[in-house]
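Taken from TrEMBL, the feature compositional bias 'Low complexity' applies to 822-839, 923-943. Per TrEMBL, domain 'G-protein coupled receptors family 3 profile' is recorded for 534-798. TrEMBL lists 369-393, 814-867, 882-982 with the feature region 'Disordered'. What TrEMBL records for 1-19 is signal peptide. Residues annotated as transmembrane segment in TrEMBL: 534-556, 572-592, 604-626, 647-666, 692-714, 726-748, 754-776.
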Amino acid sequence: MTLYSCCLILLVFAWNTAAYGPNQRAQKKGDIILGGLFPIHFGVAAKDQDLKSRPESVECIRYNFRGFRWLQAMIFAIEEINSSPTLLPNMTLGYRIFDTCNTVSKALEATLSFVAQNKIDSLNLDEFCNCSEHIPSTIAVVGATGSGISTAVANLLGLFYIPQVSYASSSRLLSNKNQFKSFLRTIPNDEHQATAMADIIEYFRWNWVGTIAADDDYGRPGIEKFREEAEERDICIDFSELISQYSDEEEIQQVVEVIQNSTARVIVVFSSGPDLEPLIKEIVRRNITGKIWLASEAWASSSLIAMPEFFHVIGSTIGFALKAGQIPGFREFLQKVHPKKSTNNGFAKEFWEETFNCYLPDGSKNSPGSGSFHKGHEESMGTGNGTSAFRPPCTGDENITSVETPYMDYTHLRISYNVYLAVYSIAHALQDIYTCTPGKGLFTNGSCADIKKVEAWQVPFSNCSRDCLPGTRKGIIEGEPTCCFECVDCPDGEYSDETDASACDKCPEDYWSNENHTSCIPKQIEFLSWTEPFGIALTLFAVLGIFLTSFVLGVFTKFRNTPIVKATNRELSYLLLFSLLCCFSSSLFFIGEPEDWNCRLRQPAFGISFVLCISCILVKTNRVLLVFEAKIPTSLHRKWWGLNLQFLLVFLCTFVQIVICVIWLYTAPPSSYRNHELEDEIIFITCHEGSLMALGFLIGYTCLLAAICFFFAFKSRKLPENFNEAKFITFSMLIFFIVWISFIPAYASTYGKFVSAVEVIAILAASFGLLACIFFNKVYIILFKPSRNTIEEVRCSTAAHAFKVAARATLRRSNVSRKRSNSLGGSTGSTPSSSISSKSNHEDPFPLPASAERQRQQQRGCKQKVSFGSGTVTLSLSFEEPQKNAVANRSTKRRNSLEAQNSDDSLMRHRALLPLQNSDPLSAEPSFLPASSPESSSQESVAGDTREEAPGPEEEPSQPSANSRNFIGTGGSSVTENTVHS
């Protein structure tokens, strides 16, 4: 009986082998064989069969270039796996691939070949016969394309538990595991597609449509699911028709009549390209336009439908397509195909002939592939000689890239990518068997299968769902039994470390799930660290500020007795530089891991340091302004504006900030805080300020003092710059305001470690602005321009200021007197303007004697340009030693002359410009006392406080000596002034 069965199986196998000759398959030996089913042709030739003779296999017609590309994708994936050192090492995959011709009969012929070979291999007939061409069993089959074909193949393969992985069959019927136990696929089923079609119709508010479906297991279930979805959405269906590529002409005409007479403009079609092609041709022939076609994925991108001559009919098509994928190296592989090189691929010869419309002479007469073409060609031409006379011979040197065919359309790899995935899914299943550990296997008692003796039934599994790996959990599928579930990835922050976990566990507060969600790892801790590049950069800038401030303090200490240092109120300057050191140092408390002690120290340190700095600038600026605006300085001024009062005011301003900080630290002290809420995977260690209101008071009080300081600096901007660098202080306060106004939105919009970084940047920017604007100019003069650091330069500046003030007052009085004269008696003279220019010394109308002239040339002097109104005056002052001045005072008399058209006005102006001797050697500004007018008392002499800084006798500076000045008014009057030796 066994021998009889063996003979029967051998006969079946022999018949299948005969039916599929070498040119009708692609085959390569290997340790493990994979089967493949692909539609290399679109259909078979119609042939009447009767029972008078033995049935013959029908011929395939109409070459499918895309089908050959799908076949190439399987071969490429197998060769790629064979060359991989990690996937199935030391194992070789082979293949046996057949053409289904897009029909069930051809697909079943190929499937029988797989089954018969497996049966022969399982009988182990080596002891009965010498089988030199032994072929291992086919352990899995990749295919087929159409759902109807896959349904027939799956029924046959399921009997022998041979796994089938389809790359294009999307019928929802194939999801029935009770009927199709060994069927798998790499394409979603049609339920999702049918639902999407109904959603599109609902979106466009269409409610009147027609439906067409292929009369197979793909079209019927798909359109049925669409009807269910349409009914739920109140979409009405006008007509519903079934089609097939084998329908006769009468049936096609009837369907076209229904479409033409229907008032529905939207037609939903669930069909493949070959089944729909006859209907579209008839619609094109009748020129039925104005219809909107809703296409399923099987024909939306079909090369049979996407023809230029069909565009005016199907141009308004909304279609679905599978997600495209990328296959690295596949393009080059497609271009390498050649009949002589592709020895394992029996379909390459026919592909070459169809691509270049030629024939290969060797074996062409007996080539079923050629015969198939000629059969189809004859049908189209109306002849039937069956020879190759219609095509020229192929040279073999043709260039595959020079011809445009669907085979080379690799821009959107959809079905090809699904084939690629199907092969790899089988390979990974075999890899699991290859790496199986005894005791943990899938079979009885945890046993493992022998990879070299693996049988087809050992590849698939019998569970409803695959095991959920660690990092996932079982999810309930609505309407399915509890043993059928889907594996859902654990959400972020949760993990599962076991197989088939029912739920994911939450990670502890300071931990987060890893990338695979199989365990928890500590969260990353972030703060403004000393070691990160940003923290290092801020630290370097802070250290640079401390160094520059220390350098400036050293320069001021070394040159403390020079006029510039004395004129800037050196005691307050020392305190100001100390406060800047504190400002730069306070920024370092914001860097490093926040702890309670530095969180409570950093804000008060920053606030007190800046208030101390601003207070020094405020007192320093206000003191000089009040002195210059006061009337003749008295002992009362010197008493109240001494150093003690200055330091007292600085202390009082700073004490207010200290009180704010003490109240803050007592009521709501800052503390370190671990923030888990900003980002899931990071813990930000920051300082919780305790009270944002207290921080606002701290910064607000600092800005209030800065505003007052800015006001005084702006008001004193025209005073001699030796006493008060008002322009630079004004600019520094502007920088201060810009920095801290920008700080508020930046502080509010940042989070984590960047909050500290923003405040450090603001502290450093404000500190550098104060240091640079107030001190760098003076350090430059002290170190690089010592000629300007003299008492003469100081007095030149103050004298110029006093002259400017006096001249302006004189012009105002002159204008008032002139207006009064004009109102009383009238005047025809021209009115002098406020523009005054200086003549050179050699035009002095009162020349000095020769001895005095020589003495003047030996004197040291300086010139200052003074601008007021619309004029500019160059004021020249000369200085000589005190003893020389004494001789000059005894020998020289004060000479004053006045030349003007209006003698009264000129006399008043002349008297306003007379210098008043200042007995203080270091008084930086001589006063000008008018000869007659109580208003002249508005100009004062700086005395009192500056005497405290006067040098000793050995440093007694020069006194002003005689110098001749001529001033000419533009109104025609002339004023001449001779200064005398004091």
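Don't overthink the numbers, they just go from 1 along the chain as shown.
For all residues, glycine too, the Cβ spot is worked out from N, Cα and C.
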In terms of Cβ proximity under 8 Å, which residues at least six beyond the ends of the transmembrane segment (647-666) contact it?
-> 571-572, 575, 600, 603-604, 607-608, 611-612, 614-616, 618-619, 690-691, 694-695, 697-698, 701-702, 705
Close approaches to the transmembrane segment (692-714) from elsewhere in its chain (Cβ under 8 angstroms; 6 or more beyond its ends) | 603-604, 607, 610-611, 614-615, 617-618, 621-622, 625, 653, 656-657, 660-661, 663-664, 667-668, 724, 726, 729-730, 733-734, 736-737, 740, 743
Give the one range among 534-556, 572-592, 604-626 whose Cβ atoms make the most pairs under 8 Å with those of the transmembrane segment (754-776).
-> 572-592
Cβ contacts under 8 Å made by the transmembrane segment (534-556) with residues that lie 6+ beyond its boundaries = 528, 565, 570, 573-574, 577-578, 580-581, 583-585, 587-588, 591-592, 757, 760-761, 764, 767-768, 771, 775-776, 779, 782-783
So what's near the transmembrane segment (604-626) in sequence-distant terms, Cβ-Cβ under 8 Å and 6+ beyond its ends?
-> 568-569, 572-573, 575-576, 578-580, 582-583, 585-587, 589, 641, 646, 649-650, 653-654, 656-658, 660-661, 664-665, 698-699, 701-702, 705-706, 708-709, 712-713, 715-716, 719, 723-724, 726, 729, 732, 759, 763, 766, 770, 774, 945
What average pLDDT does the predicted model assign to the domain 'G-protein coupled receptors family 3 profile' (534-798)?
-> 80
